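Some notes on the structure that comes next.
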Amino acid sequence: MSYQGKKNIPRITSDRLLIKGGRIVNDDQSFYADIYMEDGLIKQIGDNLIVPGGVKTIEANGKMVIPGGIDVHTHFQMPYKGMTTVDDFFQGTKAALAGGTTMIIDHVVPEPESSLTEAYEKWREWADGKSCCDYALHVDITHWNDSVKQEVQNLIKDKGVNSFMVYMAYKDLYQVSNTELYEIFTCLGELGAIAQVHAENGDIIAQEQTRMLEMGITGPEGHVLSRPEELEAEAVFRAITIASQTNCPLYVTKVMSKSAADLISQARKKGNVVFGEPITASLGIDGTHYWSKNWAKAAAFVTSPPLSPDPTTPDYINSLLASGDLQLSGSAHCTFSTAQKAIGKDNFTAIPEGTNGVEERMSVIWDKAVATGKMDENQFVAVTSTNAAKIFNLYPRKGRISVGSDSDLVIWDPDAVKIVSAKNHQSAAEYNIFEGMELRGAPLVVICQGKIMLEDGNLHVTQGAGRFIPCSPFSDYVYKRIKARRKMADLHAVPRGMYDGPVFDLTTTPKGGTPAGSARGSPTRPNPPVRNLHQSGFSLSGTQVDEGVRSASKRIVAPPGGRSNITSLS
């Protein structure tokens, strides 16, 4: 049962659990074995296990047993312009568990010019009191100066944060400059953290938004029209370039378009340390809904970068996720009510951005990628759990079924079929962007911290039972290549003697003035004579005074063998 609203609920006490007859699926192998769990950890894996009494046995009946999902991108209980998203940490993590996700990583979004540490502590207080599953935190850098740099160092050293997001969009609010990007990436690379980017060209978006409003386009379609995918792609390319120059690992959040996905794929093939995170929405649906006649429906899809209006985009992004060109998945779950979205009913730039997806994420990927033959079950585990654990330095505690790992497990039924509906989803949002979609693949049993959270379609969650899981810096999965490159890229000056030859005398020219004679033209070529325009023989009609007179500066070149009768150069 749910304990929402009750105070001082004790944390979950772990049960002794035995899963029998399941097929264990990790990212690198699948095999049949039983699993014994105690005190929130996996204690034994194998056949004919000897276990103590008082064990609850779960018959898997040959079904897949996979590591619990890790959703790397959520926005629960996020403040926005005096409002708060409708899914707080209780409702949001409850929805996560219903979909097979046993850990989330939420974004701390400090107000511009405010303290990152204070915002972090606020998020910790909210999540500790309400989260039903384990969680970690990213911290967004919404401004940059020496004080923020010191806070970043402290958050990494003392607070268990190893990832920070910067915004290349939201001009005059969160957007940072290229110089600041360079400084932030340099700082994070030295500290062993992961640089995340929201990649869009904010300057051009601001211009396009103004243009759309001047044209009278005020509805949700204006959102996607003012943010074409080229602006996402340009920012991705720029971020990859700056990250490469600073030797900092780059993580692109919310990959929404073919162009952005292709750039990440190409950069990885060239050896760049870059990771791409598509979200439930970009994997499961397209942006044609922005043109819906129903304003509330169209507004429900507003998120940034926007969903692509190209209906072939989800299939394309799933293919890149299946092939490993994109590495992991999040939901970017950020839900507002229709009334909250309606503050932008007359101006699309004021519509609060965000879509649902934490509950649907794993089923969407199974249906769109595994059931269609693009992806095997092991890659499914990789992109929904294991790769996230490796990138954020949680592996093998999370993201793997092995002795000593946390007992966060899901018995997955590949044959289950469910129809998505806002009437029965766990989110508090009135609208579900996947409404009516039939999805193959669903969790039968969800175990978190060794406790059964979902069984027989019923949730058994406890508010505040989730633990904060600290993420340490210098993840091997991310930084082994970075460290090797630092050794190879050790720069040294070339030893040479002092130059003692002549030095050209460069006279400084006042700004806007005429350059001095010594600075005009090429130093290796004499300056040509200057014609006095007031004495020119040029006329608007008729022959010119100097017509037929060959200029001393004109070179006449004859072809080899002399002039031909075909071409006259005289």
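Just so it is clear, glycine is given a Cβ too, placed from its N, Cα and C backbone atoms.
Residues or ranges marked as phosphoserine in Swiss-Prot: Ser259, Ser518, Ser522, Ser536, Ser539, Ser541. Residues or ranges marked as phosphotyrosine by Swiss-Prot on the basis of similarity to another entry: Tyr431, Tyr499. Summarising the annotation, Swiss-Prot assigns region 'Disordered' to 506-570. What Swiss-Prot records for Thr509, Thr514, Thr543 is phosphothreonine. Look at Swiss-Prot and you will find 533-544 tagged as compositional bias 'Polar residues'.
According to its DSSP assignment, Tyr431 (phosphotyrosine) is coil. Note: the CA-CA distance between Tyr431 (phosphotyrosine) and Tyr499 (phosphotyrosine) rounds to 73 Å.
When each of the modified residues Ser259, Tyr431, Tyr499 is scored by how many other Cβ atoms sit within 10 Å of its Cβ, Tyr499 comes out lowest. Reduced to three states, the DSSP call for Tyr499 (phosphotyrosine) is coil.
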